[in-house]
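Written below as structure tokens is the structure these notes are about.
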């Protein structure tokens, strides 16, 4: 994070955020800079990547689903933008420790214990380490004594959009993001690779909420994609993983996606339309007929 902080410090922060007379290694200067970078960066990544996914990937037909809430997109965005600044407070504390040199982040491949092979290994181990940690954090958040206080707000979105990706309670959001931040305190990691992985994590988090259930057939049982995660939102006790299905299989919480069996949200919408309970505009036909004074026989 010091690379981002130094760049922002050179081109913007001095003297617009704090006076140039402050030493570069001044703790308060670094904390203020990190707060601005973290909040601004999180908002840009969330809104920018979320909007791209929403307009170009998300299937808007899903908004016709009976469990899609009124004004849901606006509510998702509002909740996420309220939550992100609170999440940033403990996150900045970890970034501050990185900047002060307490992590195992390094600048050059020459500093890697195993050179380029170590760089590649760190990328793979980062994915498996964080996937394992998030599985257990996520499952913990589903415990009956914890769930209703912290994780339930995220499960309001039964049919999520990309904007639901960061719509967490602040403590929930921080705990699920914690594995990404603690990895470089335990294992060596190149600073630029860390930033690339940080962006990738945000892209992936949005992608598993994007309603695009297509998964390469060879990867259906390995990758935890949008189809898997949608079942998590719908059926609660399944598919806690982030990237892979490994820990769900180990923990007995794996569920083969309904959408890949022809029983997903799209299929439910088609069924309602075929039964005349939903018209092409996504309006409940029975409700619409009643409003127009047309009697609908109850089955």
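Cβ atoms are placed via backbone N, Cα and C, with glycine included.
Unlike curated entries, TrEMBL annotations are predicted automatically.
Checking TrEMBL for transmembrane segment across the ranges 192-209, 210-227, 228-245 points to 192-209. Given the ranges 31-58, 143-170, the record in TrEMBL names 31-58 as transmembrane segment.
Checked against TrEMBL, the range among 79-96, 97-114, 259-276 recorded as transmembrane segment is 79-96.
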